[in-house]
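> For reference, the structure I am asking about is given below.
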Amino acid sequence: MLNANKSIIRLATYSIRNRIHHLRTLHSLNYINSRINIQDTNHIRPTCPCGSKQFMLESELDSALIEFLDNDDPFSDSEIKESDDLSKGQSHVYNGSPVTKNSILQIEKQQIQKSPRPTETNKRMQIRKDPDQNDNVDDDSLSSTFEFSDMDDDFMEALKAAEEITGNNTNCIKRTASTPLKKPIAKSMKNSSTPSKSAGKKYCKYIKTSSPSPSHYLIRESGSGVDILEGSPNKVQADNASPFRITSSFSSPSQIQNQGVGANPGPKSKAEQNVSSASQSSSPPMTVSQVRNPFKVPTQFRRNYSTRPITNQGSDTKKGNSHHTILLATQKPGVPFSNPSDRSYHKLEKTEGINEAQSEAKNVKPIILSNEQEYVLKQVLSGVSLFYTGSAGTGKSVLLRSIIKSLRDKYPKGVAVTASTGLAACNIGGITLHSFAGFGLGQGKVENLIKKIKRNKKAFTRWRETRVLIIDEISMVDGHLLNKLNEIAKNLRRNNRPFGGIQLVACGDFYQLPPVVKKTAHDGTELDDVEVFFAFESSAWKETIQRTITLKEIFRQKGDQRFINMLNNLRDGNVPDDTARDFCRLSRPLKCPEGIVPSELYATRYEVDMANSRKLNTIQGDVVVYNSVDTGILPEPQKTQVLTNFLAPQVLNLKVGAQVMCIKNFDDQLVNGTLGKVIDFVDRDTYMKSESKENPSTETSDEVSGLNDYIFNDFQKPKKVVKEDAPIAEQVLFTGQLSQKVEEESESSKRKSKLKDDLMKDYKNKKYPLVKFLLPDGITFRTVVVEPEQWTTEDEDGTVLVSRIQFPLILAWSLSIHKSQGQTLSKVVVDMKKIFENGQAYVALSRAVSRAGLQVLNFNRSKVASHRKVIEFYKNLSSHEKESRSGQQRLNFMQTSVKSVARAQI
């Protein structure tokens, strides 16, 4: 710390001392300048003031001045010492007399009275570069002008800023290394003959054209020179290299590459030059010599120091909004996708262990959470047990992924991620709530369930070590089950606090699908008029949930405000006349690209199966049947029930020309819900070899791995290099694990290897489907060889309770409303004829991105219904939020009033 403070003061003081040397010399130079006219680079023709006599100035004076100023470099050493030639007693000869400091001062005194006051024309000494002698110096480094006015004030301001930093913010100033500045190898300007690799102009693109106050500039030592940094006594940003940041105008690593800023800039192609010139037309970048810097040496005599950006800044994130998550392309309908031909200008920065082809294929773009999402995240991280809700498309799942990542960073162990259904659990990389509890279906009395859990050592340990329990799709969790979980947690953890001291984070929308009502008693008898019991009705909810937050901002239908209003009018079941008319107008057929038809949503699974079978039978050709491989340790009745929650079918029938849907997220464009068409069935190895033969000249080892990236294989060895700040969906893609664990060579790895062998035996003589997917922009297609994937329900130790291996495809002419919950569909047809459940109409209609991608058949407002308990719950919730906001406003007003009174008294 002390060395860093001394370094700043030492550099500032040393620069001032050398600046004084320059100023002392300038009076002599002014006298010489009044007699000298530099007309070309080869001959110097001095002239007497009277203009009557010309003579050649001796070369000794020329070399003495240049050598003196060249050695007098404020950055040549990190120590304050007399290192120049004159301070060592060395002298130069001028007209037969040695030139020393004293002689220069004497010349100065003699000419002060004789020399006229410098004018604007003679304030600058022009020196032109000899191209034969100075090939290793940039044109911009040898500026044609030397401004010495106002420099003393700049130095004093810089020194004052350094003193304020050392006095007030000593804790913020850190040096990662004590490496002193290395003195660059001095090369004589006359003896330099080696051409420089960096000839031509170097633009400081990272330096703002509107330069801030000189007092905000500081310098940083580096192995290759001095970096110009921008700092402030009141705002200092710490990074791995320096407590200050480089003044920059870029915002992301990709933009850095687009602007051509790098450690080793090379020659640009014509296309790149055109792009660069177009981006610079509005405000031309400043050259190195044009940047005002209070510590700079006169540019015509200084060495070519490097001023380069800090390359270890991985991303540009705003302070306080560092929690990244992903925004799928289906939620950005208005954003055009980049043209593949433009990839040469938009290459991502390479990361260790991730090749460039993979980076382009796995283009998962991070976003910043909204203010309300950020507020929820902060409440969760502070330990508050809460429930957050919102209408369809408000980013509940996006926020949940960010919450999971942040909690796992805070608690490496003890974060249980669960959901009410297997499908919802797969979407967030978790397990079902029943699997977490370890009591099977959860039927029976609490005492018996506790005994069952205690016999299961893993389940018992899981209950004892859990710190945070996350439940997604809480709307489908029965209230009686939540009460049982609360009692079990208190008993197993021997803690009478709510949920035994476990923090509870619940997410969902009760206006969507309700819990499944059990219409049979424990003895098997049929029950009539069984009313649903929601989670918010349970005593566990009232005891545990401390805060409820409603998300207001909608992302899925963003840009179609009328459609947002139409969907909001459906939530409580009271459909206005104008909203009903708007939905009736959506009965027109949709326009889709050739070969793709909209997916139809039906209320029952029977309708879905019949519609898909009819469509498949109309296609000529042979049917290719893929049977799933199902395993697990659960007994058969429970295993079968859990498998029904998986979106992957037990039997998948495909033909060439069949419309399918991808049911896994692979990047921000090829996501769960992307429609495609089977164009062929190919052998995987043969297809890869044929692709390699088509492009033999351009294929490299990196491109081979990039091609593997387009082939979805959950059984490839998990990649151990994962970006630290990667979103959850991106980590799942890299590791191939839904549970997001990079497994070592353990029993779990051996188990998965055995599953792979079993799968390959079943698919031994079968080919893989080649699918042409329509990306969410509605224009771009991507052709992919699809390989089998694995869906598992596991406990925290990795033991597979239930597993299914199947291709991540389903026939997509028709889907059930139940399985469409949580998905985003670009083209969808909703037939409301057989809708029977509360919330079904709202779930089905809200899957669409916009009205342009939605067709509604048989719209009937009587089919739109919401449960009265849910309506009452949200009504009370809304009034409670209003009271909280008004109370907070009153509190803020009181605090402001108290502060005003205190100021008045002072």
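Backbone N, Cα and C define each Cβ position, glycine as well.
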> Which stretch does Swiss-Prot mark as DNA-binding region, out of 800-819, 840-859?
840-859
> Applying the rule Cβ within 8 Å of the centroid of the Cβ atoms of Gly390, Ser391, Ala392, Gly393, Thr394, Gly395, Lys396, Ser397, what extra residues of the same chain belong around the ATP site?
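For the ATP site, the extra neighbours are Asp509, Leu551, Ile554, Phe555, Arg556.
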> Kindly assign Gly393 (ATP binding site) to one of the three DSSP-derived states: helix, strand or coil.
coil
> Taking the DNA-binding region (840-859) alone, what is its mean pLDDT?
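Per the prediction, mean pLDDT sits at 88 for the DNA-binding region (840-859).
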> Looking only at the DNA-binding region (840-859), what are its DSSP counts of helix, strand and coil residues?
9 helix, 5 strand, 6 coil
> Please name the residue among the binding-site residues Thr394, Ser397 whose C-beta has the most neighbouring C-beta atoms within 10 angstroms.
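Of the binding-site residues Thr394, Ser397, the highest Cβ count within 10 Å belongs to Thr394.
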